[in-house]
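Chemist: Residues or ranges marked as transmembrane segment in TrEMBL: 46-66, 87-105, 117-137, 190-213, 225-246, 252-272.
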Amino acid sequence: MNLIQILLLAVLQGLTEFIPVSSSGHLVIASNFLSSNVSAEDINSVIIFLHFGTLFAVIFHYRNFIFEILLGLVKREEKYLLIARNIILTSIPVFIVGLGFTLFIEKNLSREVQFYIATAALITAGTLFIFSERFILNSRERTLKSEDLSIYKSLMIGVFQSIGVIYGVSRSGITLFGSRSLSMTNKDSLDYTFLASIPVLVGASLVTLLTELDSAVQAVSIENIIIGIVVSGITGYFAISFLLRYMRKRGLRLFGFYCVGFGIISLLLSFVI
């Protein structure tokens, strides 16, 4: 892979990891239109490394709150103990489902099949965001904060988050939908969604180091991988800032229209390109 291709994937990863339009869907669709000389395995290896950038972005953006949580855990303050417990519970379903699903998809399905899964999921998830915002979420009173979640609700948000391992389903979008459906406030659902992404991104990064380092280095130089990580981190940071401002008073409906439109256009283009 050349540097231009890596930069394209890095920008897509950084922007779409947190903006609820599905990073995996965009990356799979983009890779489908890349040079046929680039194998799906090489693209997947590089994409997984780009998660390091978005991991650094969310940690840096929430560095003060993360420090506050860690300090609260040391002092054994109930609020922070509950937040930490809930994040751990939310992470369990995605680790159980996500690892097996991702390994199966990457090892057994061709780039073309992954592309059709991603486009179908984009259209389906986008439709959910559009109609749920209008008929479900707007009619609910949302007052729960991160520390108010029960064990059941924490696990249920984790179930929603695990659905996000499907290519084309935005993990942040479906987690926001789940947390808001379970009566969390807009602000807290945003913060909780981003904080809950940290264990997932850490897990993905560790698996990458153990399983994909050799193949990624063979596909592209280590210097270009580092550049890609930096670019995905910078774009990811700005994506978080944008979404926090946008979602405080708005919902997922606009992103739903985008997902449906992007999925349909990508599907149509695949027949002519």
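Cβ atoms here come from the backbone N, Cα and C positions, even for glycine.
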Chemist: I need to check the long-range neighbours of the transmembrane segment (117-137): which residues 6 or more away from its ends have a CB within less than 8 Å of a CB in the stretch?
Modeler: 20-22, 24-25, 28-29, 105, 109, 166-170, 173-174, 177, 180-181, 251-253, 255-264, 266-267, 270
Chemist: Determine which residues of the chain contact the transmembrane segment (46-66) at the Cβ level, with the cut-off under 8 Å and only residues 6 or more beyond its ends counted.
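Modeler: Distant contacts of the transmembrane segment (46-66): 1, 6, 9-10, 13-14, 17-18, 23, 27, 31, 191, 194-195, 197-198, 201-202, 204-205, 207-208, 212, 216, 219-220, 225, 228-234, 236-237, 239-241.
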Chemist: Could you tell me what the rest of the chain brings near the transmembrane segment (225-246), counting residues at least six beyond its ends with Cβ under 8 Å?
Modeler: 3, 6-7, 9-11, 13-20, 46, 49-54, 56-58, 60-61, 172, 190, 194, 216-217
Chemist: State the residues, same chain only, that lie 6 or more residues beyond the ends of the transmembrane segment (190-213) and have a CB under 8 A from a CB inside it; answer 'none' if no residue qualifies.
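Modeler: Cβ under 8 Å, 6 or more out: 17-18, 44-45, 48-49, 51-52, 54-55, 58-59, 61-62, 65-66, 83, 86-88, 90-91, 94-95, 98-99, 146, 157-158, 161, 171-172, 175-176, 179, 184, 240, 243-244, 247-248.
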